[in-house]
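The transmembrane segment feature in TrEMBL is assigned to A:12-35, A:55-74, A:86-109, A:129-150, A:157-177, A:189-214, A:226-249, A:255-282, A:294-315, A:335-355, A:367-393, A:413-438. Annotation source TrEMBL lists domain 'Cytochrome oxidase subunit I profile' at A:172-438.
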Amino acid sequence: MKYQSQRIALAYFAVAMALFAVQVLGGLLAGWIYVAPNTLSELLPFNVVRMLHTNALIVWLITGFFGAAYFLIPEEAEREIHSEKIAYLQLAILVIGTLGVVVTYTFNLFEGHWLLGKEGREFIEQPKWVKAGIVVAALLFLYNVTMTVLQGKKTAITNILLLGLWGLALLFLFSFYNPENLALDKMFWWYIVHLWVEGVWELIMASILAYLMLKLTGVDREIVEKWLYVIVAAALFSGILGTGHHYYWIGTPGYWQWIGSIFSSLEVVPFFAMMAFAFVMVWKGRRDHPNKAALLWSLGCATLAFFGAGVWGFLHTLHGVNYYTHGTQITAAHGHLAFFGAYVALNLAIFSYAMPILKNRDPYNQVLNMASFWLMAGGMTFMTFVLTFAGTIQTHLQRVLGDYYMDVQDQLAIFYWMRFGSGLVFVIGALLFIYAIWMPRKEVVEPGPVEQDRLDKDPDHVAAEG
Amino acid sequence: MSDASLIDELPGELLMWVLIVSELLVFGAGLVAFMGVRLTDPAGFAEAQSYLYRTGAALNTAVLVSSGFLAAQALQWRRAANRQAARLALVGAAALGVVFLIIKGVEYAGKAAQGINFETHPFFMFYYLLTGFHAAHVVAGVGILLLVAWRDDPRNIEAGAQFWHMVDLVWVMLFPVVYLLG
């Protein structure tokens, strides 16, 4: 750890991983309710379980992004974070707000109260006082990191990261605007939900990935930056008007069907570019970084994001297709692989890279971490296929033949059982990851015969950076 | 890597090329969609097309191509260190861009007066989407040309001219498909 204030990231990562555990256990419970629908139906209804599963995801991903920013900005800007106190205050506000949401929903407190009650719009259902807290926390964060960058060295990575984080915070302000008209409500709702994950979050993703590539492969910064700019340009070009693919059936004018179809089809481009970027950097890189787990997660992130967000997104983005598939299990398949590939794997990559440095524990346990990658990636890929098949059958029975929704659900039971199984594998992987990151103290990885031979014979081959 | 050297050989800004390729993909996809939907109702599309103001559009083609010529000349003159001529050419190119917009505005006003809008017929939805989106690029292009006339580094002028030629090229594709194809 070059800068003392980087340790702020440790607290953020700890909170993020705790919420990650909550999220996947909530997901497992939701998956169980699909096969045994009366489970906890009185005590903890499905809609609350689902809310916990999706919101815990969003909150831990953002907490991870904040932690990643606190970790990498000092190194990029070559100075300490402006104020450690503010950073911890920000985290405390976020944790209190998160607990507030959970308690309010679980016990349905203050129903209908304008300030304290739940608001019920998916993903932005936080009570108003929590929303205000999120804004305060975001302002503290932006002040803190912007001051750090302004007084330090400015790099493309920090510029893009800050652009993404500013965008994230500013777009959240739309959560305070809730028009009476349901079509307008949905229209502005997507300003947050879409423009986050298919807009500014991609900037955050690209910049963190670029940082990881820079550190792990040792490729020149100039080359990394060129890729970064191209990826960001492609992401914004396609992503902003790509919002149109949510405007097909909510009451907005018909031309959105074409704007949405055309621009959102291009959203596959930045994800393809990120995948190409990650692999080209590894091929070109001359550094043999010992943190193989971080490299595996980085490459896995870029690859699974391309398939989950890019390919599975394109699968149902054209309005002629979406007319039939909208809101079926196809959407669930896409949602799961996209979030896991793009943002979960990205966070786990930066955790894998940063945690050993933060805990001063090189060398560290790689085998368990890498095993957890294959468990999670395998479980999630299987779940994606299962849900895609379920969605295809559902689309045909329900949307083409016109069968009743619940009759169709009965026919899908076998897929829901398989989904539960793949979810179980994923949860085991997630818990193993958390264990591998925090617990084992030492496991020296010696160079194998191939690596040793390369080290002996190739003078350009750089081993084990500290 | 061989592709890196190919990219290095590209004249002008790499990011401008990324933008140009992206724009061509969007307009290309829009034209393909237009022709695809046209297959479902050839008679309706032909009927709707007869309402278009073809002379104005042909005039606009001449205006935009002349403007593109001026932008290209500007870069030559600037490279020959003739800054004054280059600036004049850029302002002239921008002025022709404004002429294009005026003719386009007259065309739109005529349509509005006839009560034709986005929802009149699928033909007009594509007509407004494609030409409207193109016109928005002309507005941006006029701004860019004036910007590079002011900040007249040759690399800036090259980037501005690249963008402007893309706007030209898109129009040259739109004009026959939307206005003429019978």
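Each position is counted from 1, following the chain as shown.
Placed from the backbone N, Cα and C atoms, the Cβ positions cover glycine too.
Sequence-distant neighbours of the transmembrane segment (A:226-249) (same chain, 6+ residues past either end, Cβ-Cβ under 8 Å): 156-157, 160, 186-187, 190-191, 194-195, 198-199, 202-203, 206-207, 210, 256-257, 259-261, 263-264, 266-267, 269-270, 273-274, 277, 280-281, 317, 319, 322-323, 326. Over the domain 'Cytochrome oxidase subunit I profile' (A:172-438) the predicted model carries a mean pLDDT of 96. Sequence-distant neighbours of the transmembrane segment (A:86-109) (same chain, 6+ residues past either end, Cβ-Cβ under 8 Å): 5, 8, 11-12, 15, 19, 44, 48, 51-52, 55, 59, 63, 66, 70, 116-118, 125-127, 129-130, 133-134, 136-137, 140-141, 143-144.
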